[in-house]
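Let me begin by presenting the structure, written as structure tokens, before commenting on it.
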Amino acid sequence: MVFRKLPGVSASGMGLRLSQKFVFLLFLSGLVTLCFGALFFLPDSVRLKRIFLSKTETQPVTVGSGSENDAREHLKRPKDQEHPRGMTSAKGETSTKLKSLSRKPPVSHEATEERLAGGKAQEDLTLSRSKTESASERATSPDHGANSDTFSYKKFKRCLLKHPLGRDNGKPSDPKTNERREKVKEMMKFAWDNYKRYAWGKNELRPLTRNGHIGNMFGGLRGASVIDSLDTLYIMGLMEEYNDAKEWVQTSLDLNSNGEASLFEVNIRYVGGLLSAYYLTGEELFKNKAVELGEKLLPAFNTPTGIPRGVINLGSSGTSWSWGWASAGSSILAEFGTLHLEFVHLTELSSNPIYTEKVMNIRKLLNKIEKPHGLYPNFLSPVSGNWVQHHVSIGGLGDSFYEYLIKSYLMSDKTDDDAKKMYYSALEAIEANLVQKSPGGLTYMAEWRGGILDHKMGHLACFSGGMIGIGADDGAPEKRQHYLDLAAEITHTCHESYARSATKLGPEAFRFDGGAEATATRLSDRYYILRPEVIESYMYMWRLTHDPKYREWGWEAVEALEEHCRVESGFSGIRDVYTMTVSHDNMQQSFFLSETLKYLYLLFSDDDLLPLEDWVFNTEAHPLPIIRKSCLQDEATQDKTVSE
């Protein structure tokens with residue numbers, strides 16, 4: 001017997017003293033505890049552990065708090081499982097996290113009635129649509145099972161004041177104007193056909209060498225010219241070309257890239273282009289791609305302040321960082337300030353508030369910090385939330401931030417009073433500190449460097465004529481005509497930068513010092529890369545005033561593009577606008593198809609083609625609709641009444 005081996009134990013009658021019994025029981029219980037406890041340290045795959053410990057415990061729920069983990073966790077919802085608020089995920093793993101980012105919407109009375117009436121199958125179809133459904137199947141019944149938080153394309157279309165393409169596709173009654181419009185359409189087809197022939201699927205065409213260019217701005221994404229061209233092809237009625245582009249998006253647009261992308265460029269070109277294509281056509285394919293890509297941009301906001309960094313890895317890591325050339329690791333005003341339009345629409349389509357929350361946080365911080373002389377410097381630290389240096393520009397590094405303020409107000413159906421206040425306050429500071437008059441009477445926007453003016457105006461700043469124009473009517477009553485006059489003066493100055501060159505195309509930047517007026521004095525500023533900003537202002541000023549000079553100026557640009565930028569296999573920028581012996585840069589920029597040619601086409605079209613009463617253009621000229629919340633709510637109420 002085992003007890004015989006224990007010292008002091010009698011073999012007869014199991015005679016154990018009380019103290020010996022206590023020691024023995026203590027030893028035995030310790031042994032059992034040690035053996036059983038060891039099970040918890042075994043791997044899950046060990047059979048013994050599976051016998052004793054069934055896996056019934058649940059994962060803890062982590063509530064999102066807007067911290068740096070929010071966006072990363074937001075990406076962890078399964079792609080093939082519809083999110084309660086209509087989102088799809090970029091990852092294939094299940095997560096129960098981020099309650100605050102994925103609050104389940106209340107079920108509307110309309111949805112309840114549908115279930116009671118036997119319509120639950122349709123509702124379930126809407127709530128659990130997989131990403132693999134064809135766009136045509138979803139387009140045939142976009143409102144099945146819709147509740148108050150589900151975007152309805154039919155309701156959206158009913159809230160437009162006018163048909164997006166006008167009465168006759170915007171065809172002008174004047175034969176001369178229509179002939180010019182048809183010429184712009186031919187230019188678009190020529191540019192597109194050569195892109196398709198020599199660079200299909202690449203980001204941009206190199207027309208001289210007849211090959212494609214990928215570049216490093218888009219983080220491994222391809223087809224920038226395809227996405228940028230979708231809405232242009234559609235509004236021009238180039239349907240065969242549009243269908244080719246749509247098919248490429250469906251079969252070849254791979255969003256699972258793993259490269260370093262510009263947050264700004266991916267947002268305005270890819271997200272903006274896909275959103276615009278969806279709103280114009282109703283193709284669910286474009287909406288799903290836009291939302292999927294929008295999710296991949298969220299980790300850029302993982303900073304102490306919520307100000308996004310400029311570069312993001314679109315792969316699973318989601319890491320982000322600032323541009324190496326940016327001062328002290330700062331973020332750029334024109335980049336983090338040019339997200340609002342697209343992100344508000346991502347929330348509109350997905351019913352997920354995170355996108356709007358992210359951009360509203362940016363606005364909240366900008367309202368809180370002190371602004372020198374009311375101006376917004378171009379560099380802001382995403383760590384401290386303070387300005388890094390006091391360089392202010394309405395051109396590069398600052399431009400589209402101001403554009404998105406007034407356009408956010410207009411896109412909100414003039415309900416975003418915060419954006420309105422910020423815009424007109426900024427415009428007042430710009431007029432007080434940057435707007436100058438040259439000795440020759442030209443009005444221009446100088447740059448501001450710590451209180452010292454640099455009398456230079458970039459081509460990029462020439463968008464400001466159109467911006468000030470579209471905002472004129474909502475300014476203080478006594479300043480409305482003043483704003484329209486200021487818009488006209490700036491647009492005139494930008495036209496002069498074209499008119500004073502040998503090619504009748506404008507330089508990258510022009511100066512107003514040393515005896516120069518609206519001309520480039522440095523060799524490094526003499527190039528033209530098919531930029532749209534001057535033509536953009538022509539289009540807006542034509543819509544606002546119907547002054548025929550804007551169409552004439554636009555036609556001058558068409559003739560110059562044809563003479564100096566059109567080559568055998570596409571369009572190319574030129575290195576010096578002041579010489580007639582042009583040297584081409586061998587690049588057909590994607591924004592030439594998205595912006596330059598679109599604005600020219602609209603300039604020669606009737607105003608009811610993409611009417612400004614219904615649409616605002618993002619900074620890549622992708623039209624996004626005005627969000628009429630009151631109308632959408634009325635439509636929902638009417639539908640509810642009908643269902644009852």
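Glycine is no exception: its Cβ is also placed from the backbone N, Cα and C atoms.
Because TrEMBL annotations are produced automatically, they should be read as predictions rather than curated entries.
Values in this document were obtained by computation on a predicted structure and should not be read as measured data.
Per TrEMBL, compositional bias 'Polar residues' is recorded for 59-68.
Taken from TrEMBL, the feature region 'Disordered' applies to 59-149.
The compositional bias 'Basic and acidic residues' annotation in TrEMBL covers 69-85 (among others).
The compositional bias 'Basic and acidic residues' annotation in TrEMBL covers 110-123 (among others).
Annotation comment: TrEMBL describes Asp399 (among others) as active site. Cβ-based neighbour count (10 Å, all protein chains) for Asp399 (active site) stands at 26.
Per TrEMBL, active site is recorded for Glu533 (among others).
The Ca(2+) binding site annotation in TrEMBL covers Thr619. Listed in sequence order, Ile268, Thr338, Asp399, Ser400, Glu403, Tyr404, Phe463 are the same-chain residues six or more apart from Thr619 (Ca(2+) binding site) with CB atoms under 8 A from its CB.
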### Message
Counting only residues 6+ away in sequence within the same chain, which have a CB under 8 Å from the CB of Glu533 (active site)?
### Response
His459, Leu460, Ala461, Cys462, Phe463, Cys494
